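Visitor: Per TrEMBL, the features are:
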TRANSMEM  6-24  transmembrane segment
DOMAIN    26-311  domain 'FAE'
ACT_SITE  169  active site
ACT_SITE  248  active site
DOMAIN    337-418  domain 'Beta-ketoacyl-[acyl-carrier-protein] synthase III C-terminal'
ACT_SITE  339  active site
ACT_SITE  343  active site
ACT_SITE  372  active site
ACT_SITE  376  active site
């Protein structure tokens with residue numbers, strides 16, 4: 001009888017113990033790690049010099065002096081340098097008549113360069129990849145771009161593929177989120193995320209200022225990211241995903257319309273950047289921070305901010321005009337974040353985030369230098385910023401990296417990574433990191449084309465050599 005009662009009591013405990021072991025084991029295999037990543041560096045024959053940019057603008061017969069002055073002001077204040085890259089068709093004088101093949105060739109040149117490097121470096125065969133996520137917002141092909149990669153590398157017939165379009169500059173974190181969710185349901189997987197943008201079929205040849213601005217900001221680039229949830233590889237991994245939050249304001253017309261692909265009055269397709277974009281970005285950013293802050297900041301900072309904010313509100317309500325002599329309390333994100341990986345949407349975007357989060361120039365340096373060296377490479381820009389931090393050997397074991405991205409929709413996506421081991425590779429920055437940061441970020445556009453500011457619209461003509469009037 002004693003044995004019987006012992007079994008009666010022990011069996012439930014045994015099953016409960018097995019249940020706990022199963023839950024713990026499942027949680028261990030749900031982690032999302034970055035094993036490696038490779039940012040694309042196009043060949044030097046695709047580099048946009050200041051002189052060639054002037055030639056490219058001069059070739060557009062739809063532009064006049066007012067548009068020239070607008071572009072000059074935009075480029076000078078953009079924060080972009082002379083070593084960014086453009087698609088090949090602009091060097092072949094075909095920006096007004098690109099073909100579908102131009103876009104596909106631009107993507108394949110990036111695909112095979114970065115995928116080859118990241119797989120070879122980690123000793124992984126293409127047949128070992130279980131999940132493939134490709135995000136190219138403004139190029140749709142049949143078969144899909146993900147299918148082209150599967151065909152080229154002869155991947156397994158049971159690989160899970162996802163081909164995302166229209167997601168904008170925040171697409172890479174959406175792709176990571178897809179992988180994260182798959183990792184929660186299956187063990188021991190390899191995933192490959194491919195993120196880029198195809199500029200070839202989307203170079204705007206018209207004169208609408210809200211659409212030609214995209215030509216000044218967007219540049220060619222891309223990144224291949226290798227992820228896994230294999231527990232055995234956690235010590236080999238570079239980063240571990242701690243949390244990820246996605247905010248979508250597409251239900252608000254003002255946010256939806258501020259960043260959209262459309263036709264101008266002459267039927268030319270371009271990417272419209274509206275005047276409401278800063279306001280839409282700010283609202284999405286604030287809502288995103290409200291959700292992710294409790295997930296990544298220590299409780300003591302959250303309590304401090306809550307108490308200080310309460311006191312500030314009471315002080316303001318006690319004044320006659322509802323104002324307060326002290327500034328609004330700011331939460332200190334540095335209590336839970338060591339590095340800030342900011343989307344390089346432009347100088348104004350970087351400045352705005354820096355001001356909102358009370359960041360120093362040291363914090364903003366990776367984003368500023370990435371914008372200067374590579375421009376806005378859309379969804380892949382975050383990884384160039386991360387690459388700069390790695391090349392500068394800033395990332396140490398235990399550090400936490402906060403990624404922030406914005407995209408059409410309007411969306412703001414962010415996530416927090418933990419550095420698993422000290423990392424210090426060169427990636428796309430290998431041959432130029434020692435020259436950054438430069439003594440000045442001033443580009444030579446104003447020096448070469450500043451004479452346009454003094455031209456009279458009635459007497460102006462476009463000279464053959466656009467640099468000298």
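Including glycine, each Cβ sits where the backbone N, Cα and C put it.
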Visitor: Under a criterion of Cβ-Cβ distance under 8 Å and sequence separation of at least 6, what residues of the same chain contact residue 343 (active site)?
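Guide: In sequence order, the residues whose Cβ lies under 8 Å from that of residue 343 (active site) (at least 6 apart) are 169, 170, 349, 367, 381, 382, 385, 404, 405, 406.
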Visitor: How many Å lie between the Cα of residue 339 (active site) and the Cα of residue 372 (active site)?
Guide: 19
Visitor: Do me a favour and check the Cα-Cα span between residue 376 (active site) and residue 248 (active site); whole Å is fine.
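Guide: Pair distance, Cα basis, whole Å: 21 Å.
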Visitor: For the domain 'FAE' (26-311), would you mind checking the mean pLDDT of the predicted model?
Guide: 92
Visitor: Taking the Cβ of residue 248 (active site) as reference, which residues of that chain separated by at least 6 in sequence fall under 8 Å from it?
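Guide: For residue 248 (active site), the qualifying residues are 409, 410, 411.
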Visitor: Only counting partners 6 or more residues apart, tell me which same-chain residues put their Cβ under 8 Å from the Cβ of residue 372 (active site).
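Guide: The answer is 79, 80, 81, 438, 441.
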Visitor: Which residue counts does DSSP yield for the domain 'Beta-ketoacyl-[acyl-carrier-protein] synthase III C-terminal' (337-418) in the helix, strand and coil classes, in that order?
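Guide: Counting residues by DSSP class gives 38 helix, 21 strand, 23 coil.
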Visitor: Count the Cβ atoms, other than its own, that fall within 10 Å of the Cβ of residue 169 (active site), considering every protein chain shown.
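Guide: The answer is 28 other Cβ atoms.
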